[in-house]
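For reference, Swiss-Prot has these:
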- C63, C66, C92, C95: Zn(2+) binding site (BINDING)
Amino acid sequence: MKKFLEKKLKKIAYERIDILMSLAEEEAKKGNWDRAKRYVYLARRIAMKMRIRFPKKWKRRICKKCGTFLLYGRNARVRIKSKRYPHVVITCLECGAIYRIPMIREKKEKRRKKLEERLKAKSNSQTS
């Protein structure tokens, strides 16, 4: 009974987090940055209280340093860099915090293609 109740509570918490974050997005688009920040704060508190992971789609839209909702193009700058390793750089224009998100999927695809090419070349040389 306890596990069932826990699952139900966590599901409700995820729903509330999603609602609060969508409200924060709407308020940020209107220009009410303080209200958006408050909604983000409440959503994070719910996640901490219920000890659940914050959804990834929303986690990247929050500045970890100042807690503002990041609207790309307005209060956040997004750049794609390929130095050292391919990654996306998100800069909060409120506090200047920088977040790097590696583009792992693209790197894995590149490795897979190279491996396939090597295998094809190897099989062609053996058949000749």
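Cβ atoms here come from the backbone N, Cα and C positions, even for glycine.
Other than C63, C66, C92, C95, the residues of this chain whose Cβ falls within 8 Å of the Cβ centroid of the Zn(2+) site are, in sequence order, K64, K65, G67, T68, L70, E94, G96, A97. Ranking the binding-site residues C63, C92, C95 by other CB atoms within 10 A of the CB puts C95 at the bottom.
In the structure as shown, the Cβ atom of C66 (Zn(2+) binding site) sits within 10 Å of 13 other Cβ atoms.
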